[in-house]
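Student: Quick one: the structure is below, and I'll ask about it shortly.
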Amino acid sequence: MVVYVSREQTSVNMVLLTTKFVQRASLFVSFGGLVTTIITTFLPLWKTMNSDLNEMENWYEGLWHMCIYTEEVGIHCKAFESFLALPLDTLASRVLMCISIATGFLGVAAAFFGLQGVEIGTGRERMKRTLLILGGVFIVVSGITTLAPVSLMAYIMVVKFWDENLPDVMPRWEYGEAMFSAWFAGLLLVVGGTFLFVAVCMGDHEAKLQSKILARNQEQRSRTQHYRKTEII
């Protein structure tokens with residue numbers, strides 16, 4: 001018995017493998033962005049300041065703590081005492097980063113249950129497709145809410161750094177390592193969520209190809225049955 005495999009069937013298998021790969025790669029990138037966002041949120045390295053008058057001291061400020069580093073004592077951190085007394089940019093950044101973590105968790109969880117190969121929801125392709133779209137939306141929102149606060153703080157720091165009304169001797173805040181980490185995390189989340197949408201489109205294309213192949217196979221079967229009936233007659 002000889003089995004012929006058409007080019008369309010081969011392309012369907014290739015698309016199937018590519019769809020699974022894109023789904024898992026997108027989830028992996030999104031999870032990495034979420035972990036980086038969580039770590040960055042609690043790092044006290046969003047702002048850094050070094051005074052020319054006292055080069056032995058370095059000041060660091062995050063969303064939750066302010067730290068000072070001296071060679072004699074080392075690093076000493078203190079949490080902000082009042083939530084309402086925070087600067088507006090720090091308060092907004094803290095709220096947005098918490099929203100980013102929450103939406104990131106929801107997006108990664110929804111995308112995980114929507115993956116092909118996960119037994120939960122097997123046979124419910126429409127539900128899995130909806131979960132992938134919902135996960136992509138949540139992950140993209142998480143990325144945007146990560147990029148927004150760090151970009152806001154960066155803009156405010158640049159404006160204050162070049163403020164001509166301040167004396168040159170006064171120290172100014174500069175970018176800390178956590179800000180670059182937040183930009184990287186937000187970019188990972190946006191890319192991961194976007195490629196989840198790409199995986200959904202690839203899955204839709206795969207389903208259309210499979211439906212066409214099934215329709216063609218049924219047509220060929222009906223023709224063969226018709227020919228057999230004609231030969232019998």
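Along the chain as shown, the residues are counted starting at 1.
Heads up, the Cβ atoms here are built off N, Cα and C, so glycines get one too.
In case it helps, TrEMBL gives these features for our protein:
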type	residues	note
TRANSMEM	21-46	transmembrane segment
TRANSMEM	91-118	transmembrane segment
TRANSMEM	130-158	transmembrane segment
TRANSMEM	178-202	transmembrane segment
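Tell me about the setting of these features in this model.
Tutor: For the transmembrane segment (91-118), same-chain residues at least 6 beyond its ends with a Cβ under 8 Å from one of its own Cβ atoms are 19-20, 23-24, 26-27, 30-31, 33-34, 37-38, 40-41, 46, 63-64, 83, 127-132, 134-143, 145-146, 148-150, 152-153, 182, 186, 189, 193, 196, 203.
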Student: So what's near the transmembrane segment (130-158) in sequence-distant terms, Cβ-Cβ under 8 Å and 6+ beyond its ends?
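Tutor: Distal contacts: 23, 26, 30, 33-34, 37, 46-47, 89-90, 92-94, 96-97, 99-101, 103-104, 106-115, 121, 172-175, 179, 182-183, 185-194, 196-197, 199-200, 203.
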Student: Is the transmembrane segment (178-202) packed against any residues at least 6 beyond its ends, judged by a Cβ distance under 8 Å, and which are they?
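Tutor: Apart from its flanks, the transmembrane segment (178-202) reaches 15, 18-19, 22-23, 25-34, 36-37, 39-40, 43-46, 62, 97, 100, 104, 107, 111, 129, 132-133, 135-140, 142-144, 146-147, 149-151, 153-154.
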Student: What parts of the chain pack near the transmembrane segment (21-46), using Cβ distances under 8 Å and only residues at least 6 beyond its ends?
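Tutor: Contacts of the transmembrane segment (21-46) (Cβ under 8 Å, skipping residues fewer than 6 from its ends): 60-67, 77, 93, 97-98, 100-101, 104-105, 107-108, 111-112, 114-116, 132, 136, 139, 142-143, 146, 150, 153, 176-179, 181-182, 184-189, 191-193, 195-196, 198-199, 202.
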